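Here's what Swiss-Prot has on this protein:
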BINDING   20, 173  Zn(2+) binding site
DISULFID  53-164  disulfide bond
DISULFID  181-189  disulfide bond
């Protein structure tokens, strides 16, 4: 949870949590690819994966330049929507990765997402300018991961979902870093 603390600390904590989750998602994606997806299929699927991400339907910024045009509150809202869209499906990850070294902590991914959700909500409360009143967070979600790893369709579905998970967490990490840099102007700001 996020106790009362300075805004700079709230941002620092949220960025660290987002970085950790993005790294975990990237490692999991790579491990899944290495374990289940034949080399010749890896590149042919990349194009179809990007089209199937739910997050593509959200009018969220897609790049750094686009994100720089948005207010901090808008970026926090987009981040919250992205995080919340994964809360349900991520609970099925541990069943998919029963023997995984990377996802040995998969049961904790849900808790880590909830922590990040709380951190983003704490930032939203701190920055609240009245625009949150009446703001209804939609709770659309991704499909659940398929635990049948003997089925090629299920493998490709999970591969696509992991790709989306990685991309979405990268977006959240980027948005949070951008806001932190904008607010606190650190000289070593790299996004």
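Cβ coordinates are placed from backbone N, Cα and C, and glycine is handled just like the others.
Among the disulfide-bonded residues listed here, namely 53, 164, 181, 164 has its C-alpha nearest to that of residue 20 (Zn(2+) binding site).
If you check the recorded positions 53, 164, 173 against residue 181 (disulfide bond), none has a Cα inside 10 Å of its Cα.
Fewest other C-beta atoms within 10 angstroms, among the disulfide-bonded residues 164, 181, are seen around 181. The Cβ neighbour count for residue 20 (Zn(2+) binding site), using a 10 Å radius over every protein chain in view, is 15. In the structure as shown, the Cβ atom of residue 53 (disulfide bond) sits within 10 Å of 18 other Cβ atoms.
Across the structure, residue 173 (Zn(2+) binding site) and residue 53 (disulfide bond) are spaced 17 Å apart at their Cα atoms. The Cβ neighbour count for residue 173 (Zn(2+) binding site), using a 10 Å radius over every protein chain in view, is 24. In the three-state DSSP reading, residue 173 (Zn(2+) binding site) counts as helix.
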